[in-house]
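K.L.:
Under the heading active site, schiff-base intermediate with DXP, Swiss-Prot lists Lys116. Look at Swiss-Prot and you will find Gly177, Ala203, Gly204, Asn225, Thr226 tagged as 1-deoxy-D-xylulose 5-phosphate binding site, backed by sequence analysis.
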Amino acid sequence: MVSAPPAEQLIEDAPLTIAGRQFRSRLMTGTGKYRSIADLQASVAASGCEIVTVAVRRVQTNAPGHEGLVDALDWSKLWLLPNTAGCQTAEEAIRVARLGREMAKLLGQEDNNFVKLEVIPDPKYLLPDPFGTLAAAEQLVKEGFAVLPYINADPLLAKRLEEVGCVTVMPLASPIGSGQGLRNAANIQIIIEQASVPVVVDAGIGTPSEAAAAMELGADALLINTAIAEAGNAPAMAKAMALATTAGRLAYLAGRIPVKAYASASSPLSGTITARS
């Protein structure tokens, strides 16, 4: 039996590049909502991810579920993506981003200027504030941050954030932690078509099939947290999401068949056997 070659040998694909830094994995993961530190560690390993996001405010305040979180992971093998979760205004997000940069330095990542920018004043649906996000992004870019903004699937906002210097845009598939899946596919498709920076679909992905579908649209990467952390078996789901991310990317690069309104036989009709009259 001949074994199948690795995906990277089937079709040429460049690494994910964000702010000049290259990553092999196109799946990013979070650190919240895990049942235990052991579950977190096993899930990060199973996912094969290289970028892990951490909520700076919750780590700074030792919020429940975040005690010892930073020390639990090997940051010599992972790239820290500090995030400004919990910030309701641009001013708060800017202050927390600065703390996140200092956190990265303390973990040995002296050149890490990445920040996942979240400005979320809405406590029920956790939808990001476009005005606060844009204002914070403009200031953080001036301060030398590599800004990865979390946004609604708004093509105009995505383009504007790119113009002010953000290194990615991160449109939501559906509300954070909702597991509703890819509810904004049409707008995300437009964002992907217009963007010249990586598009990372973030929030709302609930299953591997939804992860694959997002990648099939042409997304450059995914950030998935709740669907992994709250799964019945978090490490197994992490592995499933990693496989789905790879499958979706490979399918996108391979090119799907066009959708038709009629059938098309997979076998030629010539040479078929017919009954005698």
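Counting starts with 1 at the first residue shown.
Note that Cβ sites are derived from N, Cα and C of the backbone, with glycine treated the same way.
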K.L.:
Determine the minimum-neighbour residue: among Gly177, Gly204, listed as binding-site residues, which Cβ has the fewest other Cβ atoms within 10 angstroms?
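P.N.:
Among the binding-site residues Gly177, Gly204, the lowest count of other Cβ atoms within 10 Å belongs to Gly177.
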K.L.:
What three-state secondary structure does DSSP assign to Ala203 (1-deoxy-D-xylulose 5-phosphate binding site)?
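P.N.:
Going by the DSSP assignment, Ala203 (1-deoxy-D-xylulose 5-phosphate binding site) belongs to neither helix nor strand, so it counts as coil.
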K.L.:
Could you state, as a whole number of Å, the largest distance between Cα atoms of any two of Gly177, Ala203, Gly204, Asn225, Thr226, the listed 1-deoxy-D-xylulose 5-phosphate binders?
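P.N.:
Looking at Gly177, Ala203, Gly204, Asn225, Thr226 as a set, their Cα atoms extend up to 9 Å apart.
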K.L.:
Of Asn225, Thr226, which of the binding-site residues has the most Cβ neighbours inside 10 Å?
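P.N.:
Comparing the binding-site residues Asn225, Thr226, the most crowded Cβ belongs to Asn225.
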K.L.:
Between the Cα atoms of Gly204 (1-deoxy-D-xylulose 5-phosphate binding site) and the residue listed as 'active site, schiff-base intermediate with DXP', what distance do you get, rounded to the nearest Å?
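P.N.:
Counting only the Cα atoms, the answer is 17 Å.
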K.L.:
Rounded to a whole number, how many Å is the Cα of Thr226 (1-deoxy-D-xylulose 5-phosphate binding site) away from the Cα of the residue listed as 'active site, schiff-base intermediate with DXP'?
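P.N.:
Between the alpha carbons of Thr226 (1-deoxy-D-xylulose 5-phosphate binding site) and the residue listed as 'active site, schiff-base intermediate with DXP' there are 17 Å.
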K.L.:
If I restrict to non-local contacts, at least six residues apart, and a C-beta distance under 8 angstroms, what lies near Lys116 (active site, schiff-base intermediate with DXP) in its own chain?
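P.N.:
Spatial neighbours, sequence-distant, of Lys116 (active site, schiff-base intermediate with DXP): Thr53, Leu81, Pro82, Asn83, Thr84, Leu148, Pro149, Tyr150, Met170, Leu223.
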K.L.:
Near Ala203 (1-deoxy-D-xylulose 5-phosphate binding site), how many other Cβ atoms are within 10 Å of its Cβ?
P.N.:
25
